[in-house]
Amino acid sequence: MLHNPLVQFDIKKLIDIKVMDFDISFTNSAAYMLLASVLALTYFYLAFSNPRLVPSRLQISGEIIYNLVTDMLNQNVGSKGRKFVPVIFTLFVFILFCNLFGMIPYGFTVTSHIIITFALAILVFLMVTIVGFVKHGMHFLSLFLPHGTPLWLAPLMIIIELFTYLARPASLSLRLAANMMAGHILLKVIASFVITLMIYLKFLPIPLMVILIGFEIFVAILQAYIFTILSCVYLNDAVNLH
């Protein structure tokens, strides 16, 4: 029997908390975000608390992730992006661990919910906007008028560029949430069919599931990378007005 593949995305209250008319209950979503944060902190603490000249495997993996983030900033923002390493690194690691937690049996994919991804996207959007105005003042608004635009075309270009800029949080959040949700739904549906096929084909369908799980892990890592590198691209607009 095929179970509803959308059940895995249900948010459930673990601790019911209400303050006046506001529901601030502790849910499975909050629990997995907290767990992902604690695990990430523990992982990098163990990786870098006692650095060695000949690094351990844990230290190597931590350095790979750190270098990946610094390379993203250097390639997209340049040397001026170094001061943003803590923010971008935290963003990438948080999304990565939340994505990977969804691959654990009976786990919960936090980033499949648009409210979570939109909150992250809004934080990026606000950071970029604040950095742009602090660094360039009102000249930051020149971002909405591409250089060399004819005067008669300027009003239309400003409207288009402004709409594109304001749409960034929506596109950034929808891309991550949609990909994570679609991948897990597909995995759930195919897994249900594989269980049925095993009645007739014994263990032959198992390699298919292993391949699909491996692909979904790749997608989880890729989506964290895409979200972060787009954040770096947007940050470049604020820092260098490109």
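Including glycine, each Cβ sits where the backbone N, Cα and C put it.
Under the heading transmembrane segment, Swiss-Prot lists 29-49 (among others), citing sequence analysis as support.
For 84-104 (among others), the entry in Swiss-Prot reads transmembrane segment. Sequence-distant contacts of the transmembrane segment (84-104), counting only residues of its own chain at least 6 positions beyond either end whose CB sits under 8 Å from a CB of the stretch, comprise 32-33, 35-37, 39-40, 44, 65-66, 68-70, 72-73, 77, 110-112, 116, 120, 124, 127, 176, 180, 184, 213, 216-217, 220-221, 223-225, 227-228, 231-232, 235.
Annotation comment: Swiss-Prot describes 114-134 (among others) as transmembrane segment, evidence class sequence analysis.
The transmembrane segment annotation in Swiss-Prot covers 140-160 (among others).
If you look up Swiss-Prot, you'll see 189-209 (among others) marked as transmembrane segment, on the strength of sequence analysis.
Positions annotated as transmembrane segment by Swiss-Prot, on the basis of sequence analysis: 210-230 (among others). Same-chain neighbours of the transmembrane segment (210-230): 68-69, 72, 76, 88, 91-92, 95-96, 99-100, 102-103, 111, 117, 120, 172, 175-176, 179-180, 183-184, 186-187, 190, counting only residues six or more beyond its ends whose CB sits under 8 Å from a CB of the stretch.
Through the fold, the transmembrane segment (29-49) approaches residues 11, 14, 56, 58-59, 61-63, 93-94, 97-98, 101, 107-108, 110, 113, 116 of its own chain, all at least 6 residues removed from its boundaries and within a Cβ separation under 8 Å.
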